[in-house]
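S.K.: Below you will find the structure I want to go over with you.
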Amino acid sequence: MDMRAPAQIFGFLLLLFQGTRCDIQMTQSPSSLSASLGERVSLTCRASQDIGSSLNWLQQEPDGTIKRLIYATSSLDSGVPKRFSGSRSGSDYSLTISSLESEDFVDYYCLQYASSPWTFGGGTKLEIKR
């Protein structure tokens with residue numbers, strides 16, 4: 001019996017299944033935003049696949065320090081001011097800051113942890129309007 005055919009089929013199936021693996025893409029918008037002190041702003045991440053409530057919002061300081069603000073879509077981390085809130089509408093996840101303060105003008109990222117590998121949005125740079 002010729003064993004080359006089963007080996008070729010196995011190889012083809014292996015390539016096929018590797019090719020169908022698709023990491024979850026997180027599309028974050030806007031990439032940058034200019035706003036004024038006291039203004040209300042919202043940032044959005046859209047998930048390419050269902051991630052349920054498995055979404056964090058992170059804040060990155062200029063020195064690289066990362067702080068989690070929101071976990072499980074809408075739960076506020078301990079010590080995070082109540083002006084931050086998270087919500088979901090379908091595959092769109094939002095971070096809202098109700099009244100901007102000077103320390104809020106940094107970078108923000110969403111992170112999905114529903115499926116490995118965990119994936120980040122591209123980030124939003126929040127700048128003060130001059």
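Cβ atoms are placed via backbone N, Cα and C, with glycine included.
Sequence annotations record features per position, and here Swiss-Prot assigns signal peptide to 1-22. What Swiss-Prot records for 23-45 is region 'Framework-1'. What Swiss-Prot records for C45-C110 is disulfide bond, and it gives sequence analysis as the kind of evidence. Annotated region 'Complementarity-determining-1' per Swiss-Prot: 46-56, in sequence order. Residues or ranges marked as region 'Framework-2' in Swiss-Prot: 57-71. Positions annotated as region 'Complementarity-determining-2' by Swiss-Prot: 72-78. If you look up Swiss-Prot, you'll see 79-110 marked as region 'Framework-3'. What Swiss-Prot records for 111-119 is region 'Complementarity-determining-3'. Per Swiss-Prot, the feature region 'Framework-4' maps to 120-129.
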S.K.: Could you list the residues of the same chain, at least six apart in sequence, whose Cβ is under 8 A from the Cβ of C110 (disulfide bond)?
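M.R.: M26, Q28, L43, C45, L55, N56, W57, L58, Y93, L95, F120, G121 - these are the non-local Cβ neighbours of C110 (disulfide bond), listed in sequence order.
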S.K.: Could you give the residue numbers and ranges of same-chain residues that sit at least 6 residues beyond the region 'Framework-2' (57-71) on either side and whose C-beta is under 8 angstroms from one of its C-beta atoms?
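M.R.: Apart from its flanks, the region 'Framework-2' (57-71) reaches 43, 77, 80, 84-86, 95, 106-111, 123.
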S.K.: Of the listed stretches 72-78, 79-110, 111-119, 120-129, which one has the most C-beta pairs under 8 A with the region 'Complementarity-determining-1' (46-56)?
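M.R.: Maximum Cβ contact count belongs to 111-119.
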S.K.: Quickly jot the same-chain residues contacting the region 'Complementarity-determining-3' (111-119) by Cβ under 8 Å, restricted to those at least six beyond its ends, or write none.
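M.R.: Non-local partners: 23-26, 47, 49-52, 54-58.
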S.K.: Take the region 'Framework-4' (120-129) and find every residue of the same chain, 6 or more past its ends, with a Cβ under 8 Å from one of its Cβ atoms.
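M.R.: Apart from its flanks, the region 'Framework-4' (120-129) reaches 26-37, 41, 43, 45, 60, 100, 102, 104-111.
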S.K.: Near C45 (disulfide bond), how many other Cβ atoms are within 10 Å of its Cβ?
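M.R.: A 10 Å sphere around the Cβ of C45 (disulfide bond) contains 27 other Cβ atoms.
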